């Protein structure tokens, strides 16, 4: 075939725009700022004024559920339902949509429908879930923009459970779809499916990962690295579910409850299975794993490689899973696909389970290595026995654990939508008290600002405390933020980064102002400490602007309340302790990732853009908000004055920078002519002069005419962080 040539120039046509060698190929360690600009409006097909929450409120949820119930038993020839019921398939789909969540960074989960996109749509653990989503398409098509894919997948899981006799805890809508893969999520560094280079030492799993192998949701059901060691599997199960925010009881309830339904698929060798959806040919239209084993579907389906059902009635909620688990002794065998699994030693069990497609066939139940850990593990075992002997307790535990699994990344209850939102407040929702008092008005705000500035607290102290309170927010799972004032509670009050001794002094002063104001009111008007902390930051920034000769009035909206210690789950907040915060020039110990990468990661969690990250860091440096009041990056002779000095001095070619150690974590900036020490800075500071994109942004704020823009942009970005968790303002 002749090469195509341009009809104008006669030159050979090359790869279309976007192909070829990329910057990342030349410089693989280049700082990735793209994660700060995901899900641009340019890639969103919805109208600019589209409001998903308002559309969902118009949805007839009962009608959608009726259609889902009907779908459960409407078996399609192109993908027949096991036992004539799609319920188990939809449970797995919903579970695997939600099960990517990990507590450490709040990323993953069911909140944005990313199971539709790579890599999740092609993970080995998600084999054949492409069919589940395709079965849902007619319902999604029918209700359109009123229900997102993210909500529909979770709702389908709930309806599947309900259609098989289980009473769920509730359902909340409000998950808005994204339109592209989430590139900010670190799934591991392995270059092949099921790789496990994520471990070191005595099976220490790399943070923030939760799954044991690349492409798995939780654990390898055959056992660690495919080796059928039951007790070792129990260790993996415990660690993985803990990293996904589940305790031991929730873990047992979820596994036992989920495996009450359906079966595994390993009818033949995996060599018959074709490529995953992202690698499948065009004519497959987004489907993958096409099998050449006999019919390739129904009783010939190949999925995980394990074959069989866990209990006699796979489409009915009952105690069959736990009863079967403890009733038999188990022999290790291999499935027709060659996967390790366990079958009862008792020959009488051989015909206790019906076939999924042929009523004339019967089978023995099976268990995976991970299943047996629920019996043999010294902690899981007693819990599983108690659940077996107390069906109502088990049902309640599974209902609550399933609700937590599928709603964990949605944030506070104020984001929940729909008529099936449970009334009970759960501690993992990070509850805050409702506003039960009159809010402060504009005059009160002005008076309180004056008292804050007259309190003896410095600009630096007020700014640092407000930032420490608000910057815990994570856009990933909508946790953290200034609302609740949890900075005064365990564990946040004791975090190293918050400088506990100084923090205690600041909080004592703020609480004094709060008490004085509240006790002087004749009505119900009050100011919360959460509001006062943010207001203190605003007052300090306004003062810093006045120090620079400018007048600013920062926007402030009261309405935050103060959480109690009883409303704060210490364990789940403890994992949110920053190991690094470049905005405060803080780095705890050594890290495998460069400090500048961790800055970008934190900025992404705060939902900041690259310009917002840039202007915020530059402003915080001159406000002297560093951890420990270090002078690293404080490129100004007038600290606590809101100027663009950080950018001006960083880009000054009169300064020569050199690393002061082999680790290249700290640098000195000396006068090129005299050698005199001018500044010290960290990697986080110097990257704004080194990285070409960040330097371009820094140049904007270093220009002679940029002071007003710098002030406006800093205030805008600051206000964004202060209100990041104010879902009531959206």
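Backbone N, Cα and C define each Cβ position, glycine as well.
Residues or ranges marked as region 'Disordered' by Swiss-Prot: 1-25.
Annotated site 'Transition state stabilizer' per Swiss-Prot: 92, in sequence order. Within 10 Å of the C-beta of residue 92 (site 'Transition state stabilizer') there are 23 other C-beta atoms, taking all protein chains into account.
Residues or ranges marked as active site, proton acceptor in Swiss-Prot (evidence: sequence analysis): 96. DSSP gives residue 96 (active site, proton acceptor) a helix state. Neighbours of residue 96 (active site, proton acceptor), defined as other CB atoms within 10 A of its CB across all chains, total 22.
If you take the C-beta of residue 259 (heme b binding site) and look for same-chain residues 6 or more apart in sequence within under 8 angstroms, you find 310, 321, 371. Secondary structure at residue 259 (heme b binding site), taken from DSSP and collapsed to helix, strand or coil, is coil. What Swiss-Prot records for 259 is heme b binding site, and it gives sequence analysis as the kind of evidence.
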